[in-house]
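Trainee: Under the heading signal peptide, Swiss-Prot lists 1-18. Look at Swiss-Prot and you will find 67-88 tagged as repeat '1'. Taken from Swiss-Prot, the feature region '10 X approximate tandem repeats' covers 67-264. Positions annotated as repeat '2' by Swiss-Prot: 89-110. Annotation comment: Swiss-Prot describes 109, 193, 240 as methionine sulfoxide, evidence class similarity to another entry. Feature annotation from Swiss-Prot assigns repeat '3' to 111-121. If you look up Swiss-Prot, you'll see 122-143 marked as repeat '4'. What Swiss-Prot records for 144-165 is repeat '5'. What Swiss-Prot lists as repeat '6' is 166-187. Per Swiss-Prot, repeat '7' is recorded for 188-207. Annotated repeat '8' per Swiss-Prot: 208-229, in sequence order. According to Swiss-Prot, the feature repeat '9' maps to 230-240. Residues or ranges marked as repeat '10' in Swiss-Prot: 241-264.
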């Protein structure tokens, strides 16, 4: 499991665009980013799982059962790889279709957000400026107290804390006033953005393409079922003999252990 966590952490820390940066490839599409993440995760699961299977086979119980788990694990990995290859084109077609059909909504929302951002930016700048002024206003009051702490003994710490509490409470109260003032100024824009979002969602709901998209999604799921059915059946057929062998050997070991207990 550590390998899985490490792989996912590396992907998030480096970003799925790392390959584009180093190799100067074209920027990845959303589907490519999802596919890369899924591939890294699945590969990590397979690798870590194979490691655990190998450890079990080398154990005393694994040698006694002789299940050939590694061989079956590799077969499973090969079958799963074929399943990924079959799903790729169909899923990408569906993703591209979804992205294309909702592109207009994304553009409108980005336009709305940019418009609101330009209107509220002066208020945000004003808030930041006032907050910096408040911090500078309290700095001369706090710095002498810090010097006293460095120069004084431990017994002065409690006295220093008492002096800091009123200053901290005063700064907190003034910050709340600025936050409340900012919230009041931004409220109309928040309501405006919420109303616009409601309008966009209503337009999306009334769009004739929505019914068409629902039909596409249904057809996509149907295609996925048709594509994966043969491969899943092959996987099931391949695992059944191994599962039956596992069951038989486990029962054999259990019977042997029971007989030993009865003879004691």
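Quick reminder: no glycine exception, Cβ is built from N, Cα and C everywhere.
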Trainee: So what's near the repeat '6' (166-187) in sequence-distant terms, Cβ-Cβ under 8 Å and 6+ beyond its ends?
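Mentor: Same-chain residues near the repeat '6' (166-187) but 6 or more away: 120, 123-124, 127, 130-131, 134, 138, 141-142.
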Trainee: Pull the DSSP breakdown for the repeat '3' (111-121) and write it out as helix, strand, coil residue counts.
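Mentor: Each residue of the repeat '3' (111-121) counted once, the result is 11 helix, 0 strand, 0 coil.
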Trainee: Relative to the Cβ position of residue 193 (methionine sulfoxide), how many further Cβ atoms are located within 10 Å?
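Mentor: Taking every protein chain into account, the count is 18.
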Trainee: Using a 10 Å cut-off on CB atoms, tell me which of the modified residues 109, 240 is the least crowded.
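Mentor: Each of the modified residues 109, 240 was scored by Cβ atoms within 10 Å; lowest is 240.
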Trainee: At the level of the C-alpha atoms, what whole-angstrom distance separates residue 193 (methionine sulfoxide) and residue 109 (methionine sulfoxide)?
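Mentor: Approximately 9 Å lies between the Cα of residue 193 (methionine sulfoxide) and that of residue 109 (methionine sulfoxide).
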Trainee: List the Cα distance (Å, whole number) between residue 240 (methionine sulfoxide) and residue 109 (methionine sulfoxide).
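Mentor: About 52 Å separate the Cα atoms of these two residues.
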